[in-house]
Amino acid sequence: MAADQVTISDEPKGGGVTADAAVKAIKAGRNKDVDIAAQIVSDYADQMDGDTWSVEEERKLIRRIDWRLIPTLFVCATLSGLDKTAISAAAVYNIKTDLNLTGAEYSWIGSAPFFGGLLFMGPLAYCLQRVPAVPFFAFNVLCWGILEMSVTMVVSMWYRPEEQPKRNSIILNVVAPIINGFVAWVVGYYKGPYERWKIIFLLVGALTIVTSVVVYFVLPNNPLEAKFLTPREKYIVIQRKAADNTGIESKTFKMEQVWEAIFDIKTWLIWIAIAALQVPNGGLTTFNTLIISGLGFDSLQTSLLAMPPGAMSTLSGIGLSYLAATTRRYRTAIVTVSILLPLFGAVLCYALPRTNLAGQLVGLYILYTYWAPYVTLVSVYQANVAGHTKKITLYAWFYIAWATGNIIGPQTFRADQAPEYTGGTVAMIICYVVAMFAITAYGVVCHLSNKKRAEAIEARTAADHDWLDMTDKENVGFKYTT
């Protein structure tokens, strides 16, 4: 075999992937027991040129997939951020005065969007398994109901664990504050009959509606239904994913996987970490411009000074994700250590006097590196969950953690503490410490699980379980990212 050929048994390209058990299940009529990818393995395995493809062929295929998926997902996630940060941009243009909002009412406006997610997350998660992913995704772009959960599911369908951190850092970006700051700055020169804050919401709403239509026609539901891929390319995509033991998709809802997800200690540790990391996000998203204007800057200056946090979050997220992508053994340690940076920023904001404008701004900007550990943590649980129903359950549960943190965040910023917002700063410090402990504990649990499995596993075990829609606990060949 040529040196530039890879097989489905090569490392690190895949491990043994025969899918014999899954193919036998299909032939026996037990389709509900397998991942939908097993069907294409069964249909096309005999048509392939052996089980080989070149490194260059794989590289070109990934590049094509990137160009089809990443830009669309990037725009969707950015618009989701614009939708949530628009309230902060509107705050510098008298939305509180025009609507006669008290400090508490403004805080609840920042929390309110996430209550919808909490109420409808269960039904929406069930729908995500039962209906095609992309029409459902497009609908949620229109409603912004569970976009992040949908994005996470799409990424996990297409990419291997070592490829996910880089894509997550680009897709789940924080460019929204940059765009919102620029839009707010431009709107600041508007002299028309409408209030300036209304113009901001009109622009964001119009972009959202257009994007939902584009998503419906551009994104494929899954690799098997991707019209831009040939049968051979679909086969390669599926075989690349096979070694991860995480599957692609199954339309059968399995209640036993729901219970496994709920009673898994790892679920709760990640839940705590996500909720803790999102408390600062909820507060800063709603009060960012008020914090800056409280330092003595006018509306136009505040709009411009609100742009760097987006760059800090995005660049730190990309940098940390690229570092995390180099290993599957130390990702939780990398995430934990990275939380020290936003923790330092929070301490600066708390300790420095308000008269130290430069120090306060530096502390605020450093605070925004909190997005890096969060987006990297997403790639950790993406890689560590198998079984389609379990994935859906956990993604829904983690969205609830995300929403809970974002609901609590604005409530820690009290109007009677303005412009210092001491309660909000102290809450961020506490949450960062809690997140560090939860992520460390998660890494330890995963490490101990891997050690226990290594004592019993045989090489053939993983191959026998390909595409059987098993969970990470059921498949003893599954190895957790730590």
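Glycine too: its Cβ is placed from the backbone N, Cα and C atoms.
A quick note: this is a predicted structure, and the numbers were derived from the prediction, not measured.
Your range for transmembrane segment, going by Swiss-Prot and the list 31-51, 304-324, is 304-324.
The stretches the transmembrane segment (333-353) and the transmembrane segment (199-219) are not in mutual contact, being linked by fewer than three Cβ pairs under 8 Å (pairs 6 or more apart in sequence). Of the two recorded stretches, the transmembrane segment (304-324) lies close to the transmembrane segment (170-190), with three or more CB pairs under 8 Å once pairs fewer than 6 apart in sequence are set aside. Tertiary proximity for the transmembrane segment (361-381) is limited to same-chain residues at least six positions away from its ends with a CB under 8 Å from its CB atoms, namely 152, 161, 164-165, 168-169, 172, 174, 270, 273-274, 277-278, 280-281, 284, 288, 291-292, 295, 305, 308-310, 312-314, 316-317, 319-321, 324-325, 331-332, 334-336, 338-339, 341-342, 344-349, 352, 394, 398, 428, 432, 435, 439, 442, 481. A 10 Å cutoff on Cβ-Cβ distances gives Asn100 (N-linked glycosylation site) a total of 7 other Cβ atoms nearby, all chains included. According to DSSP, Asn100 (N-linked glycosylation site) is assigned to coil rather than to any helix or strand.
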